[in-house]
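> Pasting the feature list from Swiss-Prot:
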type	residues	note
BINDING	Asp14, Ser64, Asp444, His445	Mn(2+) 2 binding site
ACT_SITE	Ser64	active site, phosphoserine intermediate
BINDING	His125, Arg155, Asp156, Arg187, Arg193, Arg263, Ala264, Asp265, Arg266, Lys336	substrate binding site
BINDING	Asp403, His407, His463	Mn(2+) 1 binding site
Amino acid sequence: MTTTKRPIALLILDGWGYRENTHMNAVYHANTPVLDRLNAQYAHGLISGSGLDVGLPDGQMGNSEVGHINLGSGRIVYQELTRISKAIADHEFEQNPALCDAVDAAVKTGGAVHIMGLLSPGGVHSHEEHIEAMCRMAVARGATKVYLHAFLDGRDTPPRSAKSSLSHFDDLFTTLGHGRIASIIGRYFAMDRDNRWDRVSQAYDLITQGKSKFQYDNAVTALEAAYSRDENDEFVSSSAITDANGQVATLQDGDALIFMNFRADRARQITRSFINPEFDGFARAVTPKVNFVTLTEYAADIKAPIAYPSDNLVNTLGEVLQNRGRTQLRISETEKYAHVTFFFNGGKEEPFNGEDRILINSPKVATYDLQPEMSSTELTDKLVAAIESTKYDVIICNYPNGDMVGHTGNFDAAVKACEAVDACIGRVVEALAKVGGECIITADHGNAEQMTDETTGQAHTAHTSELVPFVFVGRDATIDKGGKLSDVAPTILHLMGESIPAEMTGKPLIHVKE
């Protein structure tokens, strides 16, 4: 006999923050009658998704990976950015066994040390201070051929802001006496996560063969040429940088290749192209045998030395639900599927017992401002069907629109994205009401509420440190102030009448009135 469930749904509106300033605030200017009604009718508040509250440095904007780890684990999780920066400050980084072994092996055979990653102060996928520490460490250990393959940001940073980073690293290599920037390319190509292998192949060919659309003798010159082609940092075409003799750097057998991104989701595809013998995403002209090291763990099936393996998180929400015989569903589009599964489960790839997953393909468009509704209608169709099936105790759903369209910097499109999500929420709430379910609406971090940089006047494409909404569509209740993302999992267990495990240090925010 099938037991009928009265589900609790957690709707994560990605990139949807609250900002007092209404100028170029897509969340404010969007027509959102559903959320307006829910805020008027139900208990609601604001919670924190950034800085120390999510295990990041004070003031650091939140991001989707960090947000979902905190949401799912029910505790503040010390993030890789903080962890690695601390290791550098404590001089532990320069003794890291995985990094030292790769550098030493290359030095011993006269090989090169190639360092690749997002050259950015953004702190979301990487930090340029970590890349600098790696360059310094390689030279200190005797490497004379150090090649930096710089992926440019413009998404978690202003759209045209890479010049200062490139200039700094040119100066750094001059000071060190060895090394140089060997290539630049936008993250749009090197860090795709949606199986657009034609993009990744351009980064692969650039790093392995020095094969590129453009060639320059200086990285800043290459960047300025890209700007003259109207390419912002994120979209800079593959550009090889030649040495004094006009030669490009290539990846050879025995070289070290160290990937300095600490966030997994946009690091996986290009990593697999380098290390997977059965890789078939695109035809590889060369497959050099290199000592490949990842800064953190990108996926269980990526077999490479890891400089900083993940902490093992036990008793996350998913695991607690499994252990108590509860059923759960995770559902999102491609762009945020890893977040409601891998990251929400504390870095575990395999589903828990009783955990179903539904993946909706994100639309195949160059940038999501071209289709701001993304696949939200199809996602909601599946979500409503799952609610009405009464199979699940807990449903975790992410709507990517606010974040993915917010990143384009297109204000009008971001407004449309918010309006599309609002309409979907209306359908979800209606379906939950039919089966006696309840729902929490929140976000992982801000983005769409600030679409222009008030200082520079450029489009603001990055996340924010704003508070995010927290709405309880259910029984009459009060909501505590001062909450944070790590309070959400304990809140869900509390609403279910379940005890909260000791590992969850977050506190229930919702108190139902008797």
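Each Cβ is built from the backbone N, Cα and C atoms, and glycine gets one as well.
Remember, it's a predicted structure, so these values are computed and weren't measured experimentally.
What's the neighbourhood like for these features in this structure?
Annotation note: Asp14 (Mn(2+) 2 binding site) sits in a coil segment as assigned by DSSP. Taking a C-beta cut-off of under 8 Å and a sequence gap of six or more, Asp14 (Mn(2+) 2 binding site) has these contacts in its own chain: Ser64, Lys336, His339, Asn398, Tyr399, Pro400, Asn401, Gly402, Asp403, Met404, Ala443, Asp444, His445, Asn447.
DSSP classifies Ser64 (Mn(2+) 2 binding site) as helix under the three-state reduction. Around the Cβ of Ser64 (Mn(2+) 2 binding site), 29 further Cβ atoms fall within 10 Å across all displayed protein chains.
Spatially close to Arg193 (substrate binding site) yet at least six residues away along the chain are Asp265, Arg266, Arg268, Gln269, Thr334, Glu335, Ala338, judged by Cβ distances under 8 angstroms.
In the three-state DSSP assignment, the secondary structure recorded for His463 (Mn(2+) 1 binding site) is coil.
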> Compute the C-alpha separation of Asp156 (substrate binding site) from His463 (Mn(2+) 1 binding site), stating it in Å without decimals.
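Asp156 (substrate binding site) and His463 (Mn(2+) 1 binding site) have their Cα atoms 7 Å apart.
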> Tell me the Cβ neighbour count for Ala264 (substrate binding site), meaning other Cβ atoms within 10 Å of its Cβ, over all protein chains shown.
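Step by step: centre on the Cβ of Ala264 (substrate binding site), count other Cβ atoms within 10 Å, giving 24.
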> Including all protein chains displayed, how many Cβ atoms other than that of His407 (Mn(2+) 1 binding site) lie within 10 Å of its Cβ?
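I get 24 for this one.
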> Under 8 Å Cβ-Cβ from His463 (Mn(2+) 1 binding site), six or more apart in the same chain: what's there?
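Residues satisfying the criterion: Gly15, Met61, Gly62, Asn63, Val124, Asp156, Asp403, His445, Gly446, Asn447.
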> Which residue, out of the binding-site residues Asp156, Asp403, Asp444, shows the minimum number of other Cβ atoms inside 10 Å of its Cβ in this structure?
Asp156
